[in-house]
Amino acid sequence: MSQPRWRIAAGIGLFGAFAVAALMLWQTGLLAQALDGETLERLVIDLGPAGPALIVGLMTVAIVMSPIPSAPIALAAGAAYGHGWGTLYVAAGAETGALIAFGIARLAGYEALRARLGERLASAGMLNRVITSQNVLMAFVFATRLLPFVSFDVISYAAGLTPLALWRFAVATLLGILPASFVLAHFGDELATGDLHGAVLTVLALGLLTLLPLFWRALPLRFRTAIKHWFGSR
């Protein structure tokens, strides 16, 4: 078997393994529990030291298998372990899932896509330089991680179809998911303690986090240049 075919088979096999895992979670009822924050919170607490592993595992499966929502898992992690440890477990699961999704796409589709579009991209000039620039791709992944309305799963798979280096993807993803992971875990913690005022503030903070990149892009270029210059001179 040639290397491209071996890579495609490996990518499909890895995705199939996660599909089987998701099916087993659904058949055993664990998936339904994972989508119910209160039920999952009690389950991970009852599991004791194994609880964090379940949170990380469920987050990983939720990222790789896109239809499974990850927000209820993150909220349960915050409710069960607080915003500190909850953030750590949520970020670990999301990062692991993102890396696996990236790997599946890189194995199964990158070579085939490059073989099909390579000559067209080479003649595309500026477009080719943009979509093959490591810095541009890394910045794009980081920026999309800060926007909750952009599909985390789709970006992970799409990044695997680009020439972006794995370590750059990993760093951009980790830095980008930490704020949202903290906000979701903190929100779950506030709900668990009955602090509705704190929960409302957390929701507002998440909204502000979402709008910041858009606000930055809306600023006139001269203001953005002045701000960058000011911070660069500090």
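Keep in mind that glycine also has a Cβ here, set from the backbone N, Cα and C atoms.
Taken from TrEMBL, the feature transmembrane segment applies to 6-26 (among others).
The transmembrane segment feature in TrEMBL is assigned to 47-68 (among others).
Per-residue pLDDT, averaged over the domain 'VTT' (68-189), rounds to 83. Annotated domain 'VTT' per TrEMBL: 68-189, in sequence order.
Sequence annotations record features per position, and here TrEMBL assigns transmembrane segment to 88-108 (among others).
If you look up TrEMBL, you'll see 136-159 (among others) marked as transmembrane segment.
Annotated transmembrane segment per TrEMBL: 165-184 (among others), in sequence order.
The transmembrane segment annotation in TrEMBL covers 196-216 (among others).
Among residues of the same chain six or more beyond the transmembrane segment (88-108), those with a C-beta under 8 A of the stretch's C-beta atoms are 7-8, 10-12, 14-15, 18, 52, 55-64, 70, 73-74, 77-78, 81, 152-153, 156-161, 166, 169-170, 173-174, 177-178, 181, 184-185.
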